[in-house]
Every structure is written in structure tokens, then in C-alpha cells.
Amino acid sequence: MSQKITGIAASEGIAIAPVYLLVDPVLTYEKVTIDNVQEELARLNTAVDQAKGEIKKIRHHAQQQLGEDEAQVFDAHLLVLEDPEYLTQIQQVVEEEQVNAELALDQVTATYIQMFEAMEDNPYMQERAADLKDVSQRLLAALLGVELPNPSTIDHEVIVVAHDLTPSDTAQLNKKHVKAFVTEVGGRTSHSAIMARSLEIPAIVGATGILDHVQQGQKLIVDAIKGEAIVDSDAEELKTYQEEQISYQDQRRQLQALIDVKSATKDGKEIEIAANIGTPKDLAGVKANGADGVGLYRTEFLYMDAKNLPSEDEQYAAYRQALCEMHPKGVVVRTMDIGGDKSLPYLDLPKEMNPFLGYRAIRISLDRQEMFKTQLRALLRASVHGNLKIMFPMIATVEEFRKAKEIFQQAQRELQAEGIEVSQTIELGIMIEIPAAAVLADQFAQEVDFFSIGTNDLIQYTMAADRMNEQVAYLYQPYHPAILRLVHHVIQASHQAGKWTGMCGEMAADPIAIPLLLGLGLDEFSMSASSILPTRKLVSEWTTAQAQELAQKAITECATAEEVVKLVRDFEAS
Ligand code: PEP
Ligand code: MG
């Protein structure tokens with residue numbers, strides 16, 4: 001009998017492949033008194049050689065898939081295993097205390113890590129501590145004969161199953177081999193889910209208990225349209241899913257006809273359907289899906305992919321590439337939004353009880369202004385290469401926007417004084433993610449050039465339901481009338497001031513929400529590249545008048561999200 005494990009469909013598609021478990025292995029051992037020291041030392045040497053071999057292999061894969069910069073981290077790992085002082089100390093403990101190499105390794109490593117971590121203000125030493133932890137785990141696994149999983153070395157078709165995937169784990173997945181992933185935790189708007197959509201890898205998140213049901217290498221069916229993972233399927237089920245997979249792929253092929261078609265309603269009202277990107281690497285998918293522009297460039301991935309803060313020149317190169325590739329279409333770049341589920345080890349941010357309510361995004365940028373200014377200078381320098389708009393994330397107060405704008409203008413003046421040409425027509429906008437900003441949209445509209453509604457956060461803050469927590473996922477309701485009213489208010493406020501409003505949260509690509517948003521007057525919809533064509537098709541099936549009538553009813557007559565969904569369904573059926 002087959003078993004279905006349900007979760008949240010985070011990135012659409014159907015996949016069938018063997019399981020690749022990405023779980024931390026158990027690395028436990030007992031203290032052993034050894035008689036033959038030479039034998040133990042030889043065992044240690046073999047493990048060191050094995051670990052080195054593995055690191056070289058990973059380095060090679062990382063270099064091929066992610067580039068030389070990303071691969072260099074593994075050089076630091078190799079250096080640890082070539083450090084004679086570290087290895088000699090482990091050997092000495094084995095010799096003097098006559099204990100097993102595992103114990104000696106742990107003792108010596110702990111002393112080093114303590115020493116490095118004590119140098120709190122020294123990010124270099126913090127990094128060395130992280131390297132040492134990583135390498136010593138690998139060496140310990142080699143001593144114990146346990147294999148460590150490594151997503152970057154996957155070289156055959158698999159479905160990755162894990163408790164959770166960090167955004168950097170996700171970045172390492174190679175789309176060619178990883179046909180889908182399933183995690184036990186996470187929500188539709190966790191950043192791994194968002195990245196899966198950019199990479200166009202089918203994904204299910206929040207599949208509680210999946211790890212208890214699957215084994216390494218076992219065949220798994222992932223239906224990431226319904227949000228179901230199926231184990232132990234019989235031949236008939238397998239055939240059904242294979243057929244569904246083919247029909248899904250056919251549908252996707254048919255949508256290709258819309259690539260160069262204008263985004264407009266049935267009665268010809270044009271809107272913009274733009275793409276969300278995390279890195280310039282995503283631009284290929286954006287162009288292949290015929291986006292009208294980039295509505296959200298999440299620049300924090302540039303920071304997260306590096307070992308140190310990216311320099312002005314490194315950032316300039318990335319922004320310029322995005323602007324040039326999209327020219328003459330617009331690119332809305334969001335200044336970095338670190339914090340929440342996106343950490344940056346080298347910034348040494350404090351551990352917080354409520355990271356989504358804490359030190360995040362513009363709050364960090366206004367606090368660490370040098371870092372912010374570097375980003376703005378890079379953006380300003382790139383601005384002459386295309387159609388740039390800049391927006392600030394997590395704005396709660398008008399003062400925050402004014403401060404950010406002032407630093408932007410300072411950077412602009414500085415560059416001009418240095419004789420560097422910059423565009424004078426860059427629009428400056430804000431993300432509407434915090435309910436206070438949504439409520440005060442009329443005031444903000446006097447000062448900003450545009451709004452982009454970040455519903456991933458706006459919903460979590462309005463409903464007080466953590467976007468990462470599947471236990472409260474039922475409260476994460478994009479169609480809740482309160483959310484629709486907030487969205488309506490923001491759009492109206494911007495239009496009254498002659499400004500425009502976009503939406504770059506996941507709600508913008510939701511087929512139930514799209515007609516409602518059209519009716520509320522949203523000007524720009526920004527989403528993962530894979531959602532662009534289905535959205536263009538859906539928009540073309542509605543007239544403005546129909547959408548307006550629907551939206552009006554939803555915000556005036558509905559009390560619950562369920563009523564809103566029913567309203568949309570009934571309307572579509574009529
Ligand atoms: C949002 O909050 O809707 C948004 C687009 O930003 P992020 O998902 O990066 O927080
Ligand atoms: Mg957000």
C-alpha cells in the first residue's frame with residue numbers, strides 16, 4: 001500500500017526519482033583506551049587523506065556549478081587539514097593519553113574553537129572557527145566510516161528530502177539532477193521555497209514526518225501541484241503520475257505562445273507582469289518566460305553567497321548585468337534585506353527571540369550606514385546602464401524612508417563630485433510589508449515614487465502568523481478581507497497621489513488573488529519566472545469591469561477568506 005505525506009506545494013511540478021536524504025548523520029563514539037598507538041595514528045592518517053579527497057571533490061563540483069569564488073571556501077577547509085600544528089596536537093593526545101583518535105580530535109578541536117570564538121570582534125577568527133567545525137565533522141565521519149551528505153556532489157537524478165534546507169543549501173542544488181525537494185518544515189514564503197520557484201525545481205515544504213517514511217534510494221513521487229509526496233507506489237499509481245507529469249509539461253509548452261504577448265486584460269487594459277530574482281543567474285529564466293521587467297531583485301543573496309561583505313565593484317558588476325540584460329525594461333532593486341530567515345554569519349548579528357520582528361533589512365542598513373552607502377553607490381554607478389528603480393524593505397515609518405533617501409542623495413552627490421556619471425531619474429519606492437506603512441500609505445505616497453506590496457511579510461504581520469511556521473499556516477490567509485482592504489487602501493492612496501503600486505509577494509501569482517488584485521487596480525504583478533505565463537493567460541481572461549465588480553464585493557461583503565474564495569469561484573463559473 002502506498003502512503004501519502006502531505007505538505008505545502010511550494011514550487012509547482014511533478015517529479016519521480018529516488019530519494020536523496022540530506023540529514024545530519026549521527027556521529028557518536030565511545031572513549032576507548034588503545035594498546036597499539038601506531039595503528040591508531042595510521043587510522044587517523046587514512047581518515048585525514050579521505051577527508052582531503054572528499055573536500056577536493058566538493059571543491060571541484062562547487063567550482064563547476066557555482067564558480068571559483070564559491071569554491072574558494074573549500075581551500076580554507078583543506079588548509080585546516082594541512083595545518084601541522086593541529087594534526088600534531090591530535091597525534092600527541094593519542095600518544096600521551098592512549099585514547100582513540102575520535103576523542104583526541106574532539107578535544108583538540110574544542111580547544112581551538114573556544115580560542116577562536118573568544119575573539120568575538122574578529123570576523124576572520126569567527127570564520128576560522130566555522131571552517132574548523134565543518135572540517136572536524138568531516139574527519140570524525142571519516143574515522144567512524146560514516147558518509148556525510150553533500151548536495152553539491154549529486155550527479156544523478158534524485159529527490160532531496162530534508163528536515164529543512166537553508167537558502168544556501170538550496171542554492172547548491174543542481175537543477176539537472178535534483179528533480180524536486182521535500183522538507184519537513186517551512187512555508188510557501190520561506191526563502192528556500194521562493195528559491196525553488198526561481199530555480200524551477202518542484203518542491204513541497206512543511207511535509208511533517210516525511211523523514212520517518214522514506215529511505216535513501218527509495219522511489220518517491222512528488223506531486224508539487226497538490227502538495228503530496230507518495231512512497232511505496234504501485235505500478236498503476238506510478239503510471240498515473242507519469243501521465244500527469246506529461247500533461248503538466250504539455251500545458252507548460254502551450255503557454256510558450258504567450259511569451260511575446262502584451263500583458264493585458266480582455267478589454268485591453270495593460271498591466272505589468274514582472275519577475276522576482278535573487279541573482280543575475282535567474283535572468284535566463286526571466287527572459288525565457290517573457291517578463292515585462294524585474295519587479296524585485298532580492299540583493300541580499302549577493303551578500304549571502306559571499307564570505308565577506310561584497311565590495312562596491314562586485315555589487316556594481318551584478319547590478320549592471322541585471323540592468324543591461326533587461327534593458328529597456330525596468331529593474332526594481334531592493335536594498336539588502338538580511339535578517340528573519342536570511343542570516344549572514346560574517347556580520348555576527350545577535351541571536352534574537354523573534355528574528356522577523358527584529359534587526360532586519362532597512363533597520364540594519366540605517367544602523368550600518370557605511371555598508372548601506374556601498375550598496376547605494378554601486379547601484380548609482382550601475383544606473384546609467386538601464387532602467388533602475390530602487391526600493392527599501394521593511395519600512396515602518398516615514399522617517400526611515402526620509403533617512404534612507406538622504407543617504408541615497410549623499411551617495412549621489414559624492415559620486416558626482418568624483419566625476420562619475422549617475423542617472424538623475426531613478427524612482428525611489430518602498431516595500432509595503434508592515435501594516436503601519438500600509439495604513440499610512442496616503443502620507444507615504446506624498447514622498448515616495450512607488451509602492452511594492454510585500455505580502456509575504458504583510459500577511460504574517462497583519463495576521464500575527466510566522467510565515468515559516470507550518471503550525472500556524474492556516475492563519476496565513478492572502479484572501480482574508482483584512483488583507484484585501486489593506487491592499488486596496490495602498491493602491492488607492494498611490495493613485496490619488498499619481499503614483500503606482502506593484503506587488504512582489506507570492507500573492508501576486510496566486511490564481512485566486514489575481515482577479516481580485518486586478519479589480520483593486522494593482523499596476524504591476526511581480527513573481528517567480530515560472531508563474532509569469534500562467535498569470536498572463538489568466539489576466540487576459542478577465543475584463544476590468546468584471547474584476548472591479550468582484551473586488552468591490554470581496555472588500556465590502558465578505559467576512560472570511562473562505563467567503564472570498566467562494567466569491568471568486570462562483571464568479572468564474574458564471
Ligand atoms: C515580501 O515580504 O512579500 C517580499 C517580497 O519580501 P521577502 O519575501 O524577501 O521578505
Ligand atoms: Mg519581505
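Cβ coordinates come from backbone N, Cα and C, glycine included.
The range from 34-61, 398-425 that TrEMBL describes as coiled coil is residues 34-61.
Within the set of recorded positions His191, Arg334, Arg467, Cys504, Cys504 have a CB atom less than 6 Å from some atom of ligand 1. With a cut-off of 8 Å between Cβ atoms, the residues of this chain six or more beyond the coiled coil (34-61) that come close are 71, 74-75, 77-78, 81-82, 87, 90-91, 94-95, 98-101, 104-105, 135, 138-139, 142-143, 148, 150, 152-153. Taking His191, Arg298, Arg334, Asn456, Arg467, Cys504 as the candidate recorded positions, the subset whose CB lies under 6 angstroms from any atom of ligand 2 consists of Asn456. Nearest neighbour of Arg467 (phosphoenolpyruvate binding site) by Cα distance, taken over the recorded positions His191, Glu433, Cys504: His191. Glu433 (Mg(2+) binding site) and Asp457 (phosphoenolpyruvate binding site) have their C-alpha atoms 5 Å apart, to the nearest angstrom. Distance between Cα atoms for Arg298 (phosphoenolpyruvate binding site) and His191 (active site, tele-phosphohistidine intermediate): 11 Å, as a whole number.
Nearest in space to Cys504 (active site, proton donor), taking C-alpha to C-alpha distance over the recorded positions His191, Arg334, Asn456, Asp457, is Asn456.
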